[in-house]
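K.L.:
Take a look at the following structure, please.
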Amino acid sequence: MSPAPPDAAGDLFAANLKGSLLAVASSAFIGVSFIVKKKGLRRAGAAGSRAGVGGYGYLLEPLWWVGMITMLIGEIANFVAYMFAPAVLVTPLGALSIIVSAVLAHFILNEKLQRMGVLGCVLCIVGSTVIILHAPEEETPSSVEQIWHLATQPAFLCYAASALVVSLILMMHCAPRYGQTNIAVYVGICSVVGSLTVMSIKAVGIAIKLTIEGINQAGYLQTWLFVAISCLCIIIQLVYLNKALDTFNTAVVSPIYYAMFTSLTILASAIMFKDWSGQSVSSIASEICGFLTVLSGTVVLHSTRESDQTISPDLYTPLPPIYWHIQGNGETIKQKEEDLLSADFITVVRQDYFV
């Protein structure tokens, strides 16, 4: 977008501040929702088919719905944040949700947070602060038609087409084969689709804001196209995010999802809304450094967290015959196989010994 005139700089700063505060509140709710949903997925998985293998029993789990409501509150706050501030500012602040989920997972899910993980949290906070201080001041488009013009630029159309092709390949080819073993598959789908979700949601948010201000946007076909795209993308994200959370450790999913999703969203926003247009080189460099700092924090946080321990499917397969040599009265006797488990012989097997 074109830079704002000097007399509007104060209003744009206030809008950025509102967007930042809403993004922080959104991160807190979303971070809590990760933990609550994970608890619900565990309960549902214990009672039936897990979400990671295609089960939908979590839809009957009340705790999962509590997590969904919490996430919905966070997403609404995030939605409103995009009305006031550019995606380059709002999206990186999602790193704060990683801190919330990591700390809560340490106490609630027993996914231990190490000392270096604390350093990762600090890096996320420092990087987010740098991004806030150097965020671009974005001018709000005057109509949905103007946003549609931005969305139909050749550069963004190329990005959207590439995102669609990559998503279909991941969903149709990679997910059935590698989804249970490679975290990049499910998270990649969420991230690529998520970048399109943010662009369409930002368009819908601006349309709502303009309508509230008295410039009705409901009569434009483009408004409803953006709404339809948003709903479709959100559903796809929810399905594959649930698969990722149920299959892999929360502490692994959160940072990788954040890094991929944020990078792609910043790229998409820079192409569509030209967020960096009119900014100085030093400001752009500061924002990039801030994002890299946040990214480093997520990597440190991820590398110091424990991964989920899965039980091998052949854990309880029959063991080969065991022959005991018993020393008695100075003589070594080879015990018969059928006598191994006599009435006086008690065996206690603990799963802990096999992990």
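Glycine too: its Cβ is placed from the backbone N, Cα and C atoms.
These numbers come from a predicted model, not from an experiment.
TrEMBL feature annotations, pasted as is:
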type: TRANSMEM; residues: 12-36; note: transmembrane segment
type: TRANSMEM; residues: 56-73; note: transmembrane segment
type: TRANSMEM; residues: 79-109; note: transmembrane segment
type: TRANSMEM; residues: 116-135; note: transmembrane segment
type: TRANSMEM; residues: 147-171; note: transmembrane segment
type: TRANSMEM; residues: 183-208; note: transmembrane segment
type: TRANSMEM; residues: 220-240; note: transmembrane segment
type: TRANSMEM; residues: 252-273; note: transmembrane segment
type: TRANSMEM; residues: 279-301; note: transmembrane segment
K.L.:
Between the transmembrane segment (147-171) and the transmembrane segment (220-240), are there three or more C-beta pairs closer than 8 Å, counting only pairs 6 or more apart along the chain?
P.N.:
yes
K.L.:
Near the transmembrane segment (183-208), which residues from the same chain, at least 6 beyond its ends, have a CB less than 8 A from one of its CBs?
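P.N.:
Non-local partners: 79-80, 82-83, 87, 91, 140-141, 144, 147-148, 151, 160, 163, 166-167, 170-171, 174-175, 217-218, 220, 222-223, 226-227, 229-230, 233-234, 236-237, 240-241, 243-244, 247-248, 252-253, 256-257, 260-261, 263-265, 267-269, 272-273.
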K.L.:
Using a Cβ cut-off under 8 Å, which residues of the same chain at least 6 positions beyond either end of the transmembrane segment (79-109) come close to it?
P.N.:
15-16, 18-20, 22-24, 26-28, 30-32, 34-35, 38-39, 117, 120-121, 124-125, 127-128, 131-132, 135-136, 138, 198-199, 201-202, 204-206, 208-209, 250-251, 254-255, 258, 261-262, 265-266, 268-270, 273, 275-276, 287, 290-291, 294, 297-298, 301, 305
